[in-house]
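Marked as disulfide bond by Swiss-Prot: 34-52, 46-63, 68-82, 75-95, 116-134, 148-160, 167-184, 206-224, 257-272, 327-340, 342-354, 366-379 (among others). Annotation source Swiss-Prot lists domain 'EGF-like 1' at 316-355, citing sequence analysis. Per Swiss-Prot, N-linked glycosylation site is recorded for 659. Residues annotated as repeat 'LDL-receptor class B 5' in Swiss-Prot, with sequence analysis given as evidence: 620-660.
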């Protein structure tokens with residue numbers, strides 16, 4: 001009997017142990033088990049927010065046992081969080097207790113740098129250059145009066161510029177003295193603005209040289225850099241029965257304080273006092289309209305005209321005692337009636353039921369990834385980023401991020417914490433557009449005065465001999481520039497020609513993709529991962545356009561509430577576009593399909609005339625040509641506006657240089673068996689609209705068309721000769737006349753001589769007169785050959801009938817050369833038949 005009792009006890013103990021083990025094994029390998037049995041991700045343990053209802057994931061005992069992996073830094077303290085080792089002593093506090101910035105040695109500048117009194121390092125050429133580059137101004141303290149060398153011109157402001165820039169029709173001194181008549185005499189005939197007024201009849205010519213819409217002249221909002229569009233304007237006066245808005249416009253007096261803004265600056269609704277409102281926890285609105293204090297309700301004194309403050313049945317009754325009044329979560333008893341409330345993270349649906357709020361529906365809830373939980377949410381980061389414990393923002397891990405920006409005569413480089421600030425490419429004329437290729441460590445820029453696009457290795461950029469001219473002709477105003485880092489192409493806009501063009505990064509092959517009369521394309525950004533490009537256009541009407549990187553499927557993405565769109569950038573991981581509007585003084589964002597539009601920031605002072613912007617982590621950076629400065633702000637909320645650099649000279653484009661901004665992708669033009677995708681000229685990525693979309697299409701230079709095989713190129717004269725019967729051809733816009741001959745590569749393994757369009761056309765013209773005479777010679781010979789071939793086939797057929805054989809069908813060998821190049825059967829390269837010529841002959845020769 002005693003043995004049976006012991007056996008029963010052992011069995012019960014074993015069952016309990018197995019049950020406990022089963023509970024412990026409920027969670028996966030990468031999960032943490034709360035004390036109540038709930039499983040959460042190990043990434044959420046000791047991150048400052050309790051996911052376990054019992055708080056065991058944030059307890060001191062749990063966090064003490066956390067060990068940081070190699071390369072990480074332990075914050076220590078009660079929470080003991082782990083951060084990236086690269087965040088240690090980076091000038092930004094990441095641990096709650098600030099331990100990551102304790103005991104850090106002062107930053108040391110290199111031998112070829114100047115150290116400001118505040119510890120910032122700048123290039124020595126910035127010292128005593130009349131610009132405050134140190135935030136404390138120490139780089140301009142105790143400077144002697146500057147004297148210019150023999151090869152320089154000294155401006156009236158003592159600034160020195162190269163002598164070649166003086167009297168060239170383009171002001172380079174900050175006071176414009178290099179173009180004053182007393183120095184130059186008559187205007188220089190070869191200046192960039194040979195026409196005294198390059199603006200159209202519908203535009204206003206600013207004194208500083210820009211062209212703006214005529215409707216912006218005298219609208220009480222300066223748009224010119226020198227504010228000349230608001231000079232000598234008549235002052236508007238309003239009638240006695242009108243209200244004058246802060247911008248000077250007049251509206252009828254009855255529209256003031258009507259709860260609907262009628263002034264553009266909303267000044268008609270400022271300072272209004274609404275006496276009819278009855279809101280707040282201590283107010284009660286009678287059914288007869290009066291507003292009384294809540295302490296007068298159910299006090300046996302009738303204060304409302306209709307006695308609605310003293311209902312006999314409701315006063316003194318607590319409806320929450322009966323099944324919580326039907327509320328699913330919280331019932332709050334009121335003096336009259338009751339109300340259902342919801343805990344944080346839930347919302348009331350109807351009058352009684354609470355439902356979880358999906359915070360992740362808002363794209364700005366988290367900086368990158370959002371995980372919705374019951375009653376809460378969790379933010380996570382993309383690969384290459386880690387969640388910062390203090391701010392809950394995603395911070396990049398790895399290389400140092402730099403801002404590259406144009407400063408009229410140079411390109412400068414600056415770290416995000418402003419600890420390093422140097423000149424990257426000096427001695428330029430008028431650099432406007434800028435972009436980089438991180439993998440090759442190369443930078444590209446356009447010069448508005450030289451009307452060229454250049455490139456250089458970033459490490460060797462200061463040496464002028466290392467510059468490469470990528471595009472050196474047929475440019476008028478290359479205002480925007482973008483690099484396709486996957487397919488090694490560059491895209492640029494030309495606001496005077498109204499074009500968007502593409503070329504390989506060597507500049508050997510180029511093509512005009514888009515041209516429209518009246519358009520003024522400005523900034524451009526590319527998404528080579530998905531095959532799209534986006535650009536701003538401040539023509540009439542102003543809009544933001546989207547199209548494929550091969551020039552197809554172009555349409556307007558933003559057409560409303562947009563006036564002067566300038567810079568544009570893409571948050572590739574978040575799938576959102578950001579742009580600045582110089583007329584609306586705003587930064588806005590929208591998803592890549594045109595939805596979920598949001599205004600990030602509106603500020604007439606900090607966004608007086610924004611020109612370009614860049615995005616990284618949770619920050620947006622922008623240049624402003626009127627403030628002559630660079631600012632930053634939180635890209636989700638528009639808060640935390642900071643001054644990054646000031647006292648600049650016409651800062652225009654800005655890009656962020658970091659390896660995470662240009663993720664790797666597949667270059668399908670190089671994945672096929674044929675070189676360059678089998679294309680004779682350009683192989684361009686196609687937009688990935690759906691899973692069946694082509695990976696690329698072939699393109700020909702301006703003035704040439706695709707042949708029937710959709711790979712070879714024909715001149716327009718040849719296509720007219722070889723076309724049989726009527727055909728429908730969708731023409732692409734032809735850009736400016738090229739003087740250089742386009743380089744045509746071979747399709748498949750056929751060697752073709754490289755020749756210009758004129759050579760191809762002239763060859764076709766010289767061969768055409770002798771073709772009729774050749775028919776009299778070739779035709780009889782061809783008939784004899786056909787007769788002999790037919791006789792051979794008859795003999796072979798008779799011979800095969802007398803031979804026994806077994807045949808095996810092999811579908812691989814049944815595939816003909818025609819099948820290989822047929823556009824509908826190719827697994828990689830396709831085209832859009834409705835947009836291409838399909839009636840041309842294959843035989844070009």
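Placement of Cβ uses the backbone N, Cα and C atoms for every residue, glycine included.
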Those disulfide-bonded residues listed as 68, 184, 257, 366, and which of them has the most Cβ atoms within 10 Å of its own Cβ: 366
Cα-to-Cα gap, residue 160 (disulfide bond) vs residue 354 (disulfide bond), nearest whole Å: 70
C-alpha spacing of residue 46 (disulfide bond) relative to residue 52 (disulfide bond), in angstrom: 11
Nearest recorded site to residue 68 (disulfide bond) by CA-CA distance, among disulfide-bonded residues 116, 148, 272, 327, 379: 379
Around the Cβ of residue 272 (disulfide bond), the count of other Cβ atoms that are within 10 Å: 10
Per-residue pLDDT averaged over the repeat 'LDL-receptor class B 5' (620-660), given as an integer: 94
10 Å Cα neighbourhood of residue 354 (disulfide bond): matching disulfide-bonded residues from 63, 184, 206, 327, 340: 327, 340
Disulfide-bonded residues near residue 82 (disulfide bond), in sequence order, restricted to 34, 95, 116, 272, 379 and a 10 Å Cα cut-off: 95
Cα distance (Å, whole number) from residue 342 (disulfide bond) to residue 167 (disulfide bond): 72
Cβ-Cβ distance under 8 Å to residue 327 (disulfide bond), same chain, at least six residues away: 320, 340, 341, 352
C-beta crowding around residue 52 (disulfide bond), within 10 angstroms: 21
Separation of alpha carbons, residue 75 (disulfide bond) and residue 63 (disulfide bond) (Å): 11
Fewest other C-beta atoms within 10 angstroms, as judged across 46, 63, which are the disulfide-bonded residues: 63
For residue 224 (disulfide bond), the number of other Cβ atoms found within 10 Å of its own Cβ: 22
Nearest recorded site to residue 75 (disulfide bond) by CA-CA distance, among disulfide-bonded residues 184, 272, 342: 342
Minimum Cα separation from the residue listed as 'N-linked glycosylation site', reported as the residue among disulfide-bonded residues 34, 46, 148, 206, 257 that achieves it: 46
Pairwise Cα distance for residue 148 (disulfide bond)/residue 184 (disulfide bond) [Å, integer]: 18
The repeat 'LDL-receptor class B 5' (620-660), counted residue by residue under DSSP: helix, strand, coil: 2 helix, 22 strand, 17 coil
